[in-house]
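Working notes, beginning with the structure itself.
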Amino acid sequence: WSFQLGWIMRPDDANVAGNVHGGTILKMIEEAGAIISTRHCNSQNGERCVAALARVERTDFLSPMCIGEVAHVSAEITYTSKHSVEVQVNVMSENILTGAKKLTNKATLWYVPLSLKNVDKVLEVPPVVYSRQEQEEEGRKRYEAQKLERMETKWRNGDIVQPVLNPEPNTVSYSQSSLIHLVGPSDCTLHGFVHGGVTMKLMDEVAGIVAARHCKTNIVTASVDAINFHDKIRKGCVITISGRMTFTSNKSMEIEVLVDADPVVDSSQKRYRAASAFFTYVSLSQEGRSLPVPQLVPETEDEKKRFEEGKGRYLQMKAKRQGHTEPQP
C-alpha cells in the first residue's frame, strides 16, 4: 500500500521566521498516515474501523519548507502486527517556479484500528505481503522496541508542570509554558476523538513558545523525539498542553511537552495524561544562521535529573548521526 497527498503552503502556514510551521508539517504527516492505515484496515470484509494514531517515532526536520512551495507527502505501510500498522511517511517540498525538489521530513508512525461501533475496541489488522522475509523480521523488531518504550514513557510521565512566581532567567520555570484548549468538532474525527495531527500541532506551538522565551530569538523545530499517545481525547474535553525545558547543548534545546485531558462534561472521568514527547529546537539569527543557546540552569533535583537524561539522549543521537556520516572503510 502507498499513498500521496499534495498541499500548497500559504501565508497562514508560516511561523514567525517566515517558513512553514513545524506543527503544520506534523499535521500533514499524520493525515497521510491516517488515510493509508484506515484504508488498509478496511480492505477486507469485516467490522468497519478508523485508524487512530498511537505513536510517532523520531522525525528530523531536514530542510525548511517555504511559503508558496508545494508539499508532497507520500505514505507507505511497512509492517503490520495483529493490532497495529507501521507507516513510513516522506515529505518533499517543490518550488513550483523552478521545479526544484528537496526532502524535508521522514517519519514513522504507528496506528491502531478502532471499531466504528465502539471506539474503545481495537480490531485485528489485515496482514501485508512482504517482498522479502527480512522485512517482516525487521518490522517485528521495530514493533517490539516501540511497544516497550511506549510502556516505559507512560509510567515515567506522571508528573505535571507547576507554575513558579518570579522565576530567574535561564531557569526551567522562566520559560515553561502552557496552553489550554477546548476540543471542538473541527478538532475531531467523525467519531468524536481528536485527530493526532491536531494534538501534535498544539504540542509544537507550546514547545516553540518555551524555546522562544528561553533564548529570545527566532527558533525552529529541529526534530521531534517519539510522540506517544497514551489515551484518546474526546470532543468536549479541555486539554492542557504544558512544555518545559529539560536540556540545552551549545546550539540546541530539548523541550518536554505533556498533554493532559480533563473530561469536564463527564464527571465520572478524572483528568488523565493523553500524550507526551520531546521536541528539539535551534535558535536562529535574523539571517537564518544558527546561534548559541543560553545554557539552562536546573535548580531542583528533578530538574537536574531531567537535564542529565536529556544530555544522555542528546549524546546518543549525536553519536548515531556521526556514525551515519563517517566514511566506510
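Cβ coordinates are placed from backbone N, Cα and C, and glycine is handled just like the others.
Positions annotated as active site by TrEMBL: ASN15, ASP204. Under the heading compositional bias 'Basic and acidic residues', TrEMBL lists 302-312. Annotated domain 'HotDog ACOT-type' per TrEMBL: 1-117, 173-287, in sequence order. What TrEMBL records for 299-329 is region 'Disordered'.
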Spatial separation of ASP204 (active site) from ASN15 (active site) - C-alpha basis, Å: 11
The region 'Disordered' (299-329): DSSP-derived helix, strand, coil residue counts: 25 helix, 0 strand, 6 coil
Nonlocal residues around ASP204 (active site), in sequence order (Cβ under 8 Å, 6 or more apart): HIS21, GLY22, GLY23, LEU26, THR221, VAL224, PHE279
Neighbour tally for ASN15 (active site), based on other Cβ positions within 10 Å of its Cβ: 20
